[in-house]
Amino acid sequence: MEFWGLEVKPGSTVKCEPGYGFVLHLSQAALGESKKSDNALMYVKIDDQKLAIGTLSVDKNPHIQFDLIFDKEFELSHTSKTTSVFFTGYKVEQPFEEDEMDLDSEDEDEELNVPVVKENGKADEKKQKSQEKAVAAPSKSSPDSKKSKDDDDSDEDETDDSDEDETDDSDEGLSSEEGDDDSSDEDDTSDDEEEDTPTPKKPEVGKKRPAESSVLKTPLSDKKAKVATPSSQKTGGKKGAAVHVATPHPAKGKTIVNNDKSVKSPKSAPKSGGSVPCKPCSKSFISETALQAHSRAKMGASESQVQ
């Protein structure tokens, strides 16, 4: 953009040339200094036409604005005889003809594209119809899809059931382990209690083992009962010495079951009386040592009587 301006003196005409490739934009006209009240009527001449563009006066309109564009040569003049008139504006590059041709070609292309759009619209309608048919075809196979969905649901249910079975098995395994732990604890406590029971002592006289007693557990108040085995009595030379074993009294004549194992009733104690007889006095003793002790005592008694 280039600024432009000129002075038109009284009674004269000025030619204006925008220049090649430019247009001239007339923006403003102003009246010069004047001592008298004077009016100036302005004219523009293009080719053979002369046009009035405005009037300037010292009192009312000393200047006036325009919005006029010229793309070729023109002439400016006014009617004032005492003062000059000043015109201002600017020049702008004019668009080339090639650009205009491009714009025209674009317009033509747009006009040509209109029927193509219609044809494409028809083709699009055909495509839409074909797509609708394609959509309708899978809709017929919807039962198959439903069956597949049902199969998937059944598979999921089976997996859920299997998971639940696994959790149940794990719970049962834990419960069985806990039961084993409890039973092992009970066995340990029973072993400890059996260790607490006194063991029978061997008799000083004789080599024969005394009768063993068994321990029974009675369900009194959900507690384990203990049966103490008595120690064997010393027979130190007494006649008819025998070991007395305390036998537990069974509850209501029934055997007690512990850990799915029945406990047998205790063995009967051996009868009193020995197996070695004394011929002179027809007495029997448990062992030969007892018989020898008896014979010694008898011999001592006879010697004391003789003395």
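Each residue, glycine too, has its Cβ placed from N, Cα and C.
Predicted, not measured: the structure shown is a model, and the values here were computed from it.
Look at Swiss-Prot and you will find 98-280 tagged as region 'Disordered'.
The annotation compositional bias 'Acidic residues' is assigned in Swiss-Prot to 98-112 (among others).
The annotation compositional bias 'Basic and acidic residues' is assigned in Swiss-Prot to 119-132 (among others).
According to Swiss-Prot, the compositional bias 'Acidic residues' annotation covers 151-197 (among others).
Annotation source Swiss-Prot lists compositional bias 'Basic and acidic residues' at 198-211 (among others).
As annotated by Swiss-Prot, zinc finger applies to 276-299, with the evidence given as sequence analysis.
Look at the zinc finger (276-299): DSSP puts its residues at 12 helix, 6 strand, 6 coil.
Within the model, the zinc finger (276-299) shows a mean pLDDT value of 80, rounded to a whole number.
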